[in-house]
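K.L.:
Per Swiss-Prot, the features are:
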- Gly14, Ser15, Gly16, Lys17, Gly18, Thr19, Arg130, Val139, Tyr140, Ala198: ATP binding site (BINDING)
- 34-63: region 'NMP' (REGION)
- Ser35, Arg40, Leu61, Leu62, Val63, Gly89, Phe90, Pro91, Arg92, Gln96, Arg159, Arg170: AMP binding site (BINDING)
- 129-162: region 'LID' (REGION)
- Cys133, Cys136, Cys149, Cys152: Zn(2+) binding site (BINDING)
Amino acid sequence: MLNKIFYIIMGPPGSGKGTQSQRLAHQLKLPHMSSGELFRSAIDSASPLGIKAAEYINQGLLVPDAIVWGMVQEALNQPECQSGCIIDGFPRTLDQAILLNDFFMQSYADYRVIQLDVSNEEIIRRIHSRFICPSCKHVYNQNQGLSECPTCQMKLVRRSDDTLEVIHKRLESYEKLTAPLIDYYQELGKLTRIPSEASPDDVFQSIEACIKA
């Protein structure tokens, strides 16, 4: 596991983590590991961890860190991650961040954290105007004027949790649980903050400059 390098893409909901993670994965030819996709895959395949996670989700409870970390660790140990990967949506709590840092230290793997900074006003505007392809999960903005995914020809839909009420709750949860990670990674010297209210192309150029520095 020597010579690995991982990039953790962080930011509030609607900051563009998924979009920028996918672009960075393509650019660096590294796998893109989305915690959301890990959850969906584990639950859909009824894996042991997926079954346990579903039990909590179905009761409206938070999935314990031990189960979440089990899924992530399993993914990180896959052969395709032997040269590193782009991590999107994890960690979400300080305890998860400590588990991940310990894993990297024990694996002699290097990692960097990129924080996408976006104001709450911009986040609300973005999320309230976005649509997704139910097949490939690509995100589109209503200003693009598309009704179907150009790649999959599937009708674009709005995520059921992209309502103003849910958006505010997600932002509150982020501020409480995930924002403290910024200080943690800053103290470790792992963090780079990227202003991310510009166009996706401009933000990606900033990310490229960051990883080349």
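The count begins at 1 with the first shown residue.
Just so you know, glycine gets a Cβ as well, placed from its N, Cα and C.
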K.L.:
Give me the mean pLDDT over the region 'LID' (129-162), rounded to a whole number.
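P.N.:
So the average pLDDT across the region 'LID' (129-162) works out to 86.
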K.L.:
Counting across all protein chains shown, how many other Cβ atoms sit within 10 Å of the Cβ of Cys149 (Zn(2+) binding site)?
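P.N.:
So the Cβ neighbour count for Cys149 (Zn(2+) binding site) comes to 19.
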K.L.:
Taking the Cα of Cys133 (Zn(2+) binding site) as the centre, which of the binding-site residues listed as Gly14, Gly16, Leu61, Val63, Arg92, Tyr140 lie within 10 Å of it?
P.N.:
Tyr140
K.L.:
Please find, for Ser35, Arg40, Leu61, Leu62, Val63, Gly89, Phe90, Pro91, Arg92, Gln96, Arg159, Arg170 as listed binding AMP, the greatest distance between any two Cα atoms, in Å.
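P.N.:
That value is 26 Å for the farthest Cα pair.
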K.L.:
Between Cys152 (Zn(2+) binding site) and Arg92 (AMP binding site), what C-alpha distance do you get in Å?
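P.N.:
Spelling it out, the Cα of Cys152 (Zn(2+) binding site) and the Cα of Arg92 (AMP binding site) are 31 Å apart.
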K.L.:
Would you mind reading off the Cα separation of Arg92 (AMP binding site) from Gly18 (ATP binding site), to the nearest angstrom?
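P.N.:
Cα-Cα distance, Arg92 (AMP binding site) to Gly18 (ATP binding site): 15 Å.
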K.L.:
Just to verify a number: CA distance, Val63 (AMP binding site) to Gly18 (ATP binding site), in angstrom, no decimals.
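P.N.:
Per the Cα atoms, Val63 (AMP binding site) and Gly18 (ATP binding site) stand 21 Å apart.
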K.L.:
Can you break down the region 'NMP' (34-63) into helix, strand and coil residue counts using DSSP?
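P.N.:
In the region 'NMP' (34-63), the DSSP-based counts are 21 helix, 1 strand, 8 coil.
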K.L.:
At the level of the C-alpha atoms, what whole-angstrom distance separates Ser35 (AMP binding site) and Gly18 (ATP binding site)?
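P.N.:
Each residue's Cα considered, Ser35 (AMP binding site) and Gly18 (ATP binding site) end up 10 Å apart.
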K.L.:
Between the Cα atoms of Tyr140 (ATP binding site) and Arg159 (AMP binding site), what distance do you get, rounded to the nearest Å?
P.N.:
12
K.L.:
DSSP says what for the region 'LID' (129-162): how many helix, strand, coil residues?
P.N.:
3 helix, 9 strand, 22 coil
K.L.:
Which of Leu61, Val63, Cys133, Cys136, Cys152 (the binding-site residues) has the most other Cβ atoms within 10 Å?
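P.N.:
Of Leu61, Val63, Cys133, Cys136, Cys152, the one with the most crowded Cβ is Cys133.
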K.L.:
Among the binding-site residues listed here (Phe90, Tyr140), identify the one with the smallest other-Cβ count within 10 Å.
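P.N.:
Counting other Cβ atoms within 10 Å of each of the binding-site residues Phe90, Tyr140 gives the minimum at Tyr140.
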K.L.:
Report the nearest neighbour of Leu61 (AMP binding site) in space among the binding-site residues Gly18, Arg130, Cys149, comparing Cα positions.
P.N.:
Gly18
